[in-house]
Amino acid sequence: MIKTILFGACGKMGRVIGKALIDAVDIELVGAIDPYFKGEKYEKIIGTDKISLEVLGSIEELKEDFDVAVDFTNAEAAYQNIKKILQMGKRMVVGTTGLTQEMINEFKDLAVKNNTAILIAPNFALGAVLMIQLAKQVVKYFPDVEIIELHHNEKADAPSGTAILTAEILSEEMKKHNLTHKDATKVEKLPGSRGGKLDSINIHSVRLPGLVAHQEIIFGGLGQTLSIRHDALSRECYIPGVLMAIREIIKREGFFYGLESFLNREEA
């Protein structure tokens, strides 16, 4: 059994992931951490009778040993959580977004220094990861590309981590093949109307109630367009990816960014 603890256990994502960890036959949830729900019964919060667990306020209150920590909190809390876990020499799976490059570089160093492993993934939906992998093949033939990402109106950051990762991967692929994206726009009548830009790739963010998490990658060519789109219809779509990450990270050492790091394990 892989003994696991969960930071942000009582948040919207945390409740979904917590239930999945409890239901998994090879994973044991030994700690639910969420300072806003400290002292409450976790089984009542997520609606299950398969476990009896009191919500803890911090990692310092944990008495059980564990193998992997999972974090779905916010960037500020995750930064502290990740440092503590890596310094303990434990492995970590992180779904929290908004982490800066400076933070990520620090995590890389800590993972190596403490002979442990960490995966940070902007998106755990397998469909979203495959969308990016497909787009990586398409951009070689259609270098004129833009990204539209759409999320619920409670999402705090824009653009999404998935959109940024997509643009980074596509931009790297374009550079590898000496390709460029042409944009003739010289004047924005409304500032920002062409979206944000990562290298030559424009990213457009939409925030509306009723949305969950969606992304469309649009490629344009002579007389044609090609779109690749992923729609997350509920938070349950992230469960298979999170479980895969936990099962894989236990075998690894070092730093990994993006769930595709583990999808390609057979080629590694």
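Even glycines carry a Cβ here, placed using N, Cα and C.
Note that the structure is a prediction, hence the values are computed from the model and not measured.
In Swiss-Prot this protein carries:
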BINDING   Gly8, Ala9, Cys10, Gly11, Lys12, Met13, Gly95, Thr96, Thr97, Ala121, Pro122, Asn123, Phe124  NAD(+) binding site
ACT_SITE  His151  active site, proton donor/acceptor
BINDING   His152, Gly161, Thr162  (S)-2,3,4,5-tetrahydrodipicolinate binding site
ACT_SITE  Lys155  active site, proton donor
Length of the line joining the Cα atoms of Gly95 (NAD(+) binding site) and Gly161 ((S)-2,3,4,5-tetrahydrodipicolinate binding site), in Å: 10
Cα-to-Cα gap, Cys10 (NAD(+) binding site) vs His152 ((S)-2,3,4,5-tetrahydrodipicolinate binding site), nearest whole Å: 19
Neighbour-count leader, CB within 10 A, recorded positions: Lys12, His151, His152: His151
Residues within 8 Å of the His152, Gly161, Thr162 Cβ centre (excluding the (S)-2,3,4,5-tetrahydrodipicolinate site residues themselves): Thr97, Pro122, Asn123, Glu149, His151, Lys155, Asp157, Ser160, Ala163, Ala213, Gln215
Gly161 ((S)-2,3,4,5-tetrahydrodipicolinate binding site): nearby binding-site residues from Thr97, Pro122, Phe124, Cα cut-off 10 Å: Thr97, Pro122
Distance in Å spanning the most remote Cα pair of Gly8, Ala9, Cys10, Gly11, Lys12, Met13, Gly95, Thr96, Thr97, Ala121, Pro122, Asn123, Phe124, given for NAD(+): 20
